[in-house]
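K.L.:
The structure follows.
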């Protein structure tokens with residue numbers, strides 16, 4: 001054994017003690033504290049490059065001198081490495097604190113100990129103050145405060161519901177489990193009774209409603225049945241169709257439409273909501289006017305429409321930060337889940353598409369996209385094609401399209417998308433994602449509300465640029481295609497050949513089966529062609545022209561060309577166009593989903609075209625439901641009313657038809673009068689004799705022998 005080695009009999013235990021103390025830093029001791037005048041110097045030496053050799057020098061000294069290292073020596077060497085903590089030091093720091101600092105620490109400690117009680121107290125005070133304001137507003141003018149009162153009640157209901165379900169959900173389930181088991185035992189017979197009763201009720205309602213309003217409702221019902229049959233015939237797996245989501249989806253469509261379009265409370269509520277949305281979006285003008293000047297409306301689309309997209313995107317981002325949008329999406333998704341039996345992923349995405357776009361809604365379930373089934377992936381794409389984003393909803397409203405019908409179409413299209421998707425591509429696999437996982441949604445990466453607003457405005461820049469660029473490109477392309485078709489048609493003495501004319505013949509059967517008036521079927525078919533081959537912006541822009549011409553009460557026919565549609569046809573067209581189902585969106589969906597889930601690229605590409613067709617038919621089915629429920633009177637056949645009898649009677653129908661005839665008549669002077677709508681001068685003279693219109697000089701009409 002070498003001389004430098006420690007004696008195993010004596011120094012084995014001390015050596016172990018020394019090694020353990022060297023590897024574990026000890027707390028500083030007051031006995032080993034250095035002079036305070038040299039504290040900074042010691043710290044600088046500790047941070048110097050040579051301080052790593054301190055431990056090795058101690059070990060070497062112990063080995064050469066065979067001296068025991070006591071705790072005090074180790075503590076002195078290790079003091080700069082350890083934190084300076086100690087009760088006496090803390091008490092010394094306390095004595096050095098000022099009076100205000102000690103009081104502040106006391107208050108902070110009190111708040112930490114009673115944090116829950118303080119939070120509840122603050123919320124109670126705020127809630128009490130808000131309820132006092134609501135009561136005061138109702139006492140002053142209840143009719144004026146009715147919306148605030150309803151919103152408050154709905155909010156309180158859902159907050160209390162969430163708290164009760166979070167705390168007593170299992171108990172409620174245990175109480176209801178006997179009734180649930182009873183229903184499950186007899187459900188095979190009960191479901192047939194329920195479905196047959198509902199079908200009979202719908203048939204009876206249609207019969208009575210048709211007798212009151214006319215036969216157009218039956219055509220819409222026939223169109224709905226036709227689309228269901230077509231989807232079943234061309235289904236991916238016709239024998240594997242699960243009919244519960246199909247019937248429930250159509251049923252929810254019908255119930256929502258019935259509530260909104262036929263009941264006064266529902267219509268008033270959605271009409272009020274639509275007007276509030278219009279008013280809210282009107283605040284965009286303040287920013288647009290400041291940026292673009294007072295004459296910003298001279299460039300209506302660029303400076304009036306597109307800023308609405310920026311504003312709405314900002315608001316949506318703020319609502320996401322607050323968690324309100326996620327809460328609404330979870331509630332709507334849960335409703336579709338328990339009624340339709342769709343998977344949690346499908347329900348969440350379909351509910352999300354009511355508020356966000358087809359590329360944003362898959363982000364709600366981004367972690368689970370690589371694991372969804374092919375049918376679920378098809379449903380996700382179909383839901384995107386069948387609905388529109390909330391950010392562009394305001395732009396369509398600014399065109400002059402009815403905000404009530406646009407909001408209704410957005411809500412009705414969500415269950416329609418699930419029903420169509422499950423019929424066109426039935427589920428043949430077992431979904432892997434559970435309800436609990438799918439309902440978890442992030443609040444975004446914004447750190448505060450102001451940052452969320454900034455991110456929302458910035459994220460709208462690509463969307464605005466995309467809308468403007470696509471409109472420029474598509475309208476230019478449409479003009480070129482029409483010129484080329486006109487040139488080609490002129491070779492056969494038919495220069496009227498155009499893209500609109502071709503689309504009107506392709507989509508005319510579909511538009512007619514939705515229930516539009518017979519004379520408007522080609523006009524609606526043209527709009528569907530615009531929407532399918534270009535985008536819905538182009539289609540709604542043309543629809544707004546028809547609406548404005550009708551409101552201006554101008555001539556309905558000019559040189560034999562119809563200028564606008566009936567109100568019923570406008571309503572059905574609004575529902576049929578309310579979706580992103582077009583070939584431009586096809587590339588957007590494939591690119592967006594592929595970037596989110598690269599492993600599913602092949603499945604996305606193979607199912608995208610079927611999803612586009614399914615989304616289009618979902619919009620058509622929503623239009624059929626609107627046609628069944630629309631109580632707008634069918635357009636009067638004025639040719640039959642005015643020309644079937646020689647003597648006109650002063651009835652409402654005759655007066656309406658004569659007024660339309662007056663508006664469409666062109667009178668240049670005596671004996672130079674051209675009746676509109678292909679009516680005869682005799683009919684025009686008869687209407688003049690009956691009503692004597694102030695806008696037309698009936699003396700200019702030549703005498704008819």
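Keep in mind that glycine also has a Cβ here, set from the backbone N, Cα and C atoms.
Here the structure is a predicted model, which means the values were calculated and not measured.
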K.L.:
Do the topological domain labels in Swiss-Prot for residue 240 and residue 451 match, putting them on the same side of the membrane?
P.N.:
yes
K.L.:
Would you mind telling me which of 325-344, 505-524, 525-544 Swiss-Prot tags as intramembrane segment?
P.N.:
525-544
K.L.:
Under Swiss-Prot, which of the candidate ranges 62-82, 83-103, 146-166, 167-187 is annotated transmembrane segment?
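P.N.:
So the range that Swiss-Prot calls transmembrane segment is 146-166.
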K.L.:
Pick from 271-289, 347-365, 442-460: which range does Swiss-Prot record as intramembrane segment?
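P.N.:
Per Swiss-Prot, the stretch marked intramembrane segment is 347-365.
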K.L.:
Looking at 245-264, 545-564, 645-664, I want to know which stretch Swiss-Prot calls transmembrane segment.
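P.N.:
In Swiss-Prot, residues 245-264 carry the label transmembrane segment.
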K.L.:
What stretch, picked from 146-166, 302-322, 379-401, 404-425, 461-486, has the most CB pairs under 8 A with the transmembrane segment (608-630)?
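P.N.:
The listed stretch sharing the most Cβ pairs with the transmembrane segment (608-630) is 404-425.
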K.L.:
Grab the same-chain neighbours of the transmembrane segment (245-264) for me: Cβ-Cβ under 8 Å, and only residues 6 or more beyond its ends, written as numbers and ranges.
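P.N.:
Sequence-remote neighbours of the transmembrane segment (245-264) are 195, 198, 202, 224, 228, 270, 336, 339-342, 404, 408, 411-412, 415-420, 422-423, 621-622, 625-626, 628-631.
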K.L.:
Counting by DSSP, what is the helix, strand and coil composition of the topological domain 'Cytoplasmic' (595-607)?
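P.N.:
Helix (H, G, I), strand (E, B), coil: 12 helix, 0 strand, 1 coil.
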K.L.:
When you look at the transmembrane segment (379-401) alongside the transmembrane segment (302-322), do they share 3+ Cβ pairs under 8 Å, ignoring any pair fewer than 6 residues apart in sequence?
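P.N.:
Answer yes: the transmembrane segment (302-322) meets the transmembrane segment (379-401) with 3 or more Cβ pairs below 8 Å.
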K.L.:
Could you break down the residues of the topological domain 'Cytoplasmic' (323-346) into DSSP helix, strand and coil, giving a count for each?
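P.N.:
The breakdown for the topological domain 'Cytoplasmic' (323-346) reads 20 helix, 0 strand, 4 coil.
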K.L.:
State the residues, same chain only, that lie 6 or more residues beyond the ends of the intramembrane segment (347-365) and have a CB under 8 A from a CB inside it; answer 'none' if no residue qualifies.
P.N.:
316, 325, 328-334, 336-337, 340, 372, 379-381, 383-392, 410-411, 413-415, 417-418, 433, 438-439, 441, 463, 580, 585, 588-589, 592-593, 596
